[in-house]
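Student: After the structure tokens below, expect a handful of questions from me.
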Amino acid sequence: MLMNYSSATEFYLLGFPGSEELHHILFAIFFFFYLVTLMGNTVIIMIVCVDKRLQSPMYFFLGHLSALEILVTTIIVPVMLWGLLLPGMQTIYLSACVVQLFLYLAVGTTEFALLGAMAVDRYVAVCNPLRYNIIMNRHTCNFVVLVSWVFGFLFQIWPVYVMFQLTYCKSNVVNNFFCDRGQLLKLSCNNTLFTEFILFLMAVFVLFGSLIPTIVSNAYIISTILKIPSSSGRRKSFSTCASHFTCVVIGYGSCLFLYVKPKQTQAADYNWVVSLMVSVVTPFLNPFIFTLRNDKVIEALRDGVKRCCQLFRN
């Protein structure tokens, strides 16, 4: 049970080091990243919904991935921006900390489940194109997305519940810009070895449960693409899969550092650097990764801009 320590009711987010002037510069940079992230991912969701050329499983999954990117950055960045404007440390109450950590982990878990599904979708499209529409039909896609969302949110209930049954009596200063799990474990005066081991096993299950199908499917995809006789066909297939692979490398690399370690408090002081990759950089890059290398999306964007210009003229 929670004890009556100040850390059990509120925490102080240490945020970023540096002067007030540096904080204002960082605020401008991250605010720009946040706006571009919101606009870019919203545009992807809109064109996937309205453009008939993008009515396929690949773009259906991409629309949901963009929604998840908006959520994960919105859970973290507004709080971080507010902290950059305030002098000193930022106070966050226990209830807000619980909600933030749960939503962050739940959305992240959902995203990895969806990335695994996207890898399987690309495998079927490249390696079994004649049966693609039969296997990846609308019912299958809706079911996969629903399972990903439900799994992501249900899977993180127990880990977050356990985190806030610990007693935080060492300190209530979190060396991060949000309620980071590794930092919270460092502040606990309980013996957290067993808890950390269970959290490690759960992280391994989520990340490798998604990463292994991704690696296997990409291996099959590459071997299939290399058998395509025309160079233009190979180039087009590689371009389609490269965007997904780029997103996978950034996302998995960051989260493997953050969560796949037996002792969660190990190197926890560097978590804020990698957390920036997950919550700021990856959602920012997502629209560029999936649009600049995709001819269909570029054409849909171009036509959408033309229609908007015509509406304004009229």
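Note that Cβ sites are derived from N, Cα and C of the backbone, with glycine treated the same way.
Residues annotated as topological domain 'Extracellular' in Swiss-Prot, with sequence analysis given as evidence: 1-24, 75-99, 161-197, 259-271. The annotation N-linked glycosylation site is assigned in Swiss-Prot to ASN4, ASN190. Under the heading transmembrane segment, Swiss-Prot lists 25-45, 54-74, 100-120, 140-160, 198-217, 238-258, 272-292. The topological domain 'Cytoplasmic' annotation in Swiss-Prot covers 46-53, 121-139, 218-237, 293-314. Positions annotated as disulfide bond by Swiss-Prot, on the basis of sequence analysis: CYS97-CYS189.
How buried are these features, and what lies next to them?
Tutor: Beyond the transmembrane segment (25-45), the same-chain residues lying 6 or more positions past its ends with a Cβ under 8 Å from any Cβ of the stretch are 16, 18, 62-63, 66-67, 69-70, 73-74, 77-78, 80-81, 84-85, 280-281, 283-284, 286-288, 290-291, 297, 301.
Using a Cβ-Cβ cut-off under 8 Å and counting only residues 6 or more beyond its ends in the same chain, the topological domain 'Cytoplasmic' (46-53) has close neighbours at 59-60, 62-63, 66, 296-297, 299-301, 303-304.
For the topological domain 'Extracellular' (75-99), DSSP puts the residue distribution at 17 helix, 4 strand, 4 coil.
In sequence order, PHE11, PHE164, CYS179, LEU184 are the residues near CYS97 (disulfide bond), counting only same-chain partners six or more apart with C-beta under 8 A.
Residues 58, 61-62, 64-65, 68-69, 71-72, 75-76, 79, 92, 144-145, 147-149, 151-153, 155-157, 159-160, 163, 178-179, 181, 184, 206-207, 209-211, 213-214, 217-218, 244, 247-248, 251-252, 255, 278-279 of the same chain lie 6 or more positions beyond the ends of the transmembrane segment (100-120) yet place their CB under 8 Å from a CB of it.
Summarised as a single figure, the pLDDT of the topological domain 'Cytoplasmic' (121-139) averages 87.
Away from its own ends, the transmembrane segment (140-160) comes close to residues 57, 60-61, 64, 98, 101-102, 105-111, 113-114, 117, 181, 198-199, 202, 206 of its chain (Cβ-Cβ under 8 Å, at least six residues beyond either end).
Around the Cβ of ASN190 (N-linked glycosylation site), the same chain contributes LEU166, THR167, each under 8 angstroms and 6 or more positions distant in sequence. Under DSSP, ASN190 (N-linked glycosylation site) is assigned to coil, being neither helix nor strand in the three-state scheme.
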Student: Relative to the Cβ position of CYS189 (disulfide bond), how many further Cβ atoms are located within 10 Å?
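Tutor: The answer is 14.
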Student: Count the residues of the topological domain 'Extracellular' (161-197) that DSSP assigns to helix (H, G, I), to strand (E, B) and to coil, and report the three numbers in that order.
Tutor: 15 helix, 2 strand, 20 coil
Student: Tally of helix, strand and coil residues over the topological domain 'Cytoplasmic' (293-314) according to DSSP?
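Tutor: Reading the DSSP string over the topological domain 'Cytoplasmic' (293-314) gives 19 helix, 0 strand, 3 coil.
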